[in-house]
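Under the heading active site, proton acceptor, Swiss-Prot lists Glu99. Under the heading active site, S-methylcysteine intermediate, Swiss-Prot lists Cys347, citing sequence analysis as support. The [4Fe-4S] cluster binding site feature in Swiss-Prot is assigned to Cys119, Cys123, Cys126; the stated evidence is sequence analysis. Swiss-Prot lists Gly171, Glu172, Ser204, Ser227, Leu228, His229, Asn304 with the feature S-adenosyl-L-methionine binding site. The disulfide bond feature in Swiss-Prot is assigned to Cys112-Cys347. The domain 'Radical SAM core' feature in Swiss-Prot is assigned to 105-342; the stated evidence is sequence analysis.
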Amino acid sequence: MSEQQQNITDLTLTELQQALSLLGEPAFRATQIHQWLFSHHAASFEEMTILSLALRKKLSESFSIHPLKRVEHQECFEEDCESPTEKILLELQDKSRVESVLIATENRRTACVSSQIGCPLQCPFCATGQMGFRRNLTAGEITGQIYALNELVGAKEPGKSLTNIVFMGMGEPLLNTGNVIEAIETLSTRNYRFCLSQKRITISTVGVIPEIQRLGKSGMKTKLAVSLHAADQQKRESLMPIASRQYPLKELGTALSEYTQSTGMPVTIVYLLLKGINDSLDDAKMLARFSKTFLCKINLIDYNSIINIKFKPVYSATRDMFQQYLINSGLHVTIRKSYGTTINAACGQLATASMQNPQ
């Protein structure tokens, strides 16, 4: 099978119908093929026994099916969870690699998936940003992560499946919006065995304003989380230099206000507390002022240590002071627990030496 063949899982139903038409096949075959791909997770065309031998031959000559290959699997147990947090390293068709995480708590089984190989935004506190940007993931590579994590769930809890998906892995989802939306539409359609409500899917972004506006007009029901980390423009530029200069705070606040008004849904503001940098009372006051301009809730996150990166987490007393000021200001604030820190699976940690392509 030629590696130059297009992976058929990257085609939308309409695109597959058009491709089959060129092969002289009726449109309804596309639905049958998608059922085999997304309900039965067929790893080869030979498994699609409902199709004729002649059609299977045509498909194998024109397309490939390339399931993501698991090359590494790590897990660690959290104090308050019976099930471990699990991280998998997946190899793609071009031998690139990407990490995905399964977070299992009492009532939820959450997939944390990647949208890019590396990240172009170069935030200095994030391991993924230090590995540079290689390429966007295709829709098929995104859904492939979900199916790989869902298999982990089913192996340990027969009959169970993922309950939530968060696009908080490697990369900036809203710099790959088209493929992310296509993957979400596949994962949330009732046409396939795996069907998850869009309300259980969260897209995290640094604040890519044009794409936030696009989401607001799309009619999608996904949740939106915005990584803010500072409510002062100059300070945010030091922490998120590329994102903050391209999408300034003032314009971002306006876009989020318009988003919440058009969708009726709150935005989650994610704020990573860094010792001596963005953890002062003045920082809390600026965050409160910014967040009161639109419907939102705030997630405070403790910094997860990363090798060769010198930021430090705040003391618990500082974090509590910061949180209490926001609460006293009338805001809804939670401290988000980090999972998988010991296996570098927590927020900002996805990128290790094993991410390098094998020599």
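A Cβ is built for glycine as well, from the same backbone N, Cα and C atoms used for every other residue.
Positions of Swiss-Prot features highlighted on the structure.
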residue : record                               : Cβ contacts under 8 Å, 6 or more apart
Cys123  : [4Fe-4S] cluster binding site        : Gly129, Val206, Leu239, Met240, Pro241, Ala243
Gly171  : S-adenosyl-L-methionine binding site : Ser114, Ser115, Gln116, Ile117, Gly118, Cys119, Thr128, Phe133, Asn136, Leu137
Glu172  : S-adenosyl-L-methionine binding site : Ser115, Gln116, Cys119, Pro120, Leu121, Thr205, Val206, Val208
Ser204  : S-adenosyl-L-methionine binding site : Val166, Phe167, Met168, Pro173, Ala225, Val226, Ser227, Val270
Leu228  : S-adenosyl-L-methionine binding site : Gly207, Arg236, Ile269, Val270, Tyr271, Leu287, Phe290
One finds that other Cβ atoms within 10 Å of the Cβ of Glu99 (active site, proton acceptor) number exactly 25
Rounded to a whole number of Å, the separation of the Cα atoms of His229 (S-adenosyl-L-methionine binding site) and Cys126 ([4Fe-4S] cluster binding site) comes to 12
Listed recorded positions Glu99, Cys126, Asn304; those within 10 A of Cys112 (disulfide bond), CA to CA, turn out to be Glu99
Within 10 angstroms of the C-beta of Cys112 (disulfide bond), the count of other C-beta atoms across all shown chains comes to 28
With the fewest other Cβ atoms within 10 Å, the residue among the binding-site residues Ser227, Asn304 is Asn304
Taking only the CA atoms, the spacing between Cys126 ([4Fe-4S] cluster binding site) and Glu99 (active site, proton acceptor), expressed in whole angstrom, is 14
Record-annotated S-adenosyl-L-methionine contacts Gly171, Glu172, Ser204, Ser227, Leu228, His229, Asn304; largest Cα to Cα distance in whole Å is 19
Averaged over the domain 'Radical SAM core' (105-342), the pLDDT of the predicted model comes to 93
Cys119 ([4Fe-4S] cluster binding site), Cβ-centred 10 Å count of other Cβ atoms over all protein chains shown, is 27
